[in-house]
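Participant: Pasting the relevant annotations from TrEMBL:
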- 22-93: region 'Disordered' (REGION)
- 26-43: compositional bias 'Acidic residues' (COMPBIAS)
- 51-64: compositional bias 'Acidic residues' (COMPBIAS)
- 72-90: compositional bias 'Acidic residues' (COMPBIAS)
- 97-139: domain 'Putative host cell surface-exposed lipoprotein Ltp-like HTH region' (DOMAIN)
- 142-186: domain 'Putative host cell surface-exposed lipoprotein Ltp-like HTH region' (DOMAIN)
Amino acid sequence: MNKVTKWTGGIVLGVSLLGVISGCSDDTEVSTSDDTDTVEQENESTSTQDESTEETQEETEESEEVKTEKIEETEETVEESVVETEEQSDSEVTLSQENALGAAQDYISYSAFSKEGLAEQLEYEEFSEEDINYAIENIDVDWKEQAVQAGEDYLDYSSYSRSGLIEQLEFEGFSNEQATYAVDQIGL
């Protein structure tokens, strides 16, 4: 290579390096400028978000207070209705209904009954349909436990398969759910 080519190549290389170096410094300045703008925008955005969050929290708190007040008003109304209903129920119960309830309690204490079976027994005792309904609705009985007791009573004097005992309990007026519960509890 001759000297001119070397010099020309060196100059071109030097100018190129200067261009690259100066280009990098320009990018840095632009980047720094962009970063500053971005930080300022983020700060403004965060400030706006904080204000929005505070407003939302205040609105939520106000909304929750209104809901709480409505719930309390509803609870008071329900309590008043229950008291009124109890007062009306106690005053409107007839002697015949009290007797039907007493008879139902006596039968339940003696033997296990389904709801249907107990109603039939009270009907046999010639209580009116209204009295029977009152007794059935007001007796404190777990019908599933009655099914368990009836199932155990059947097994005390006879042998049953699982499906046979379920059928027998259903025949006595227990629902399939009650009969299945009983058989499960008995372990059959």
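Using N, Cα and C of the backbone, Cβ positions are placed for all residues, glycine too.
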Participant: Can you tell me the mean pLDDT for the domain 'Putative host cell surface-exposed lipoprotein Ltp-like HTH region' (97-139)?
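Facilitator: Mean pLDDT for the domain 'Putative host cell surface-exposed lipoprotein Ltp-like HTH region' (97-139): 96.
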Participant: What are the helix, strand and coil residue counts for the domain 'Putative host cell surface-exposed lipoprotein Ltp-like HTH region' (142-186) according to DSSP?
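Facilitator: Secondary-structure composition of the domain 'Putative host cell surface-exposed lipoprotein Ltp-like HTH region' (142-186): 36 helix, 0 strand, 9 coil.
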Participant: Per DSSP, what is the residue count of the domain 'Putative host cell surface-exposed lipoprotein Ltp-like HTH region' (97-139) in each of helix, strand and coil?
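Facilitator: Across the domain 'Putative host cell surface-exposed lipoprotein Ltp-like HTH region' (97-139), the residues distribute as 34 helix, 0 strand, 9 coil.
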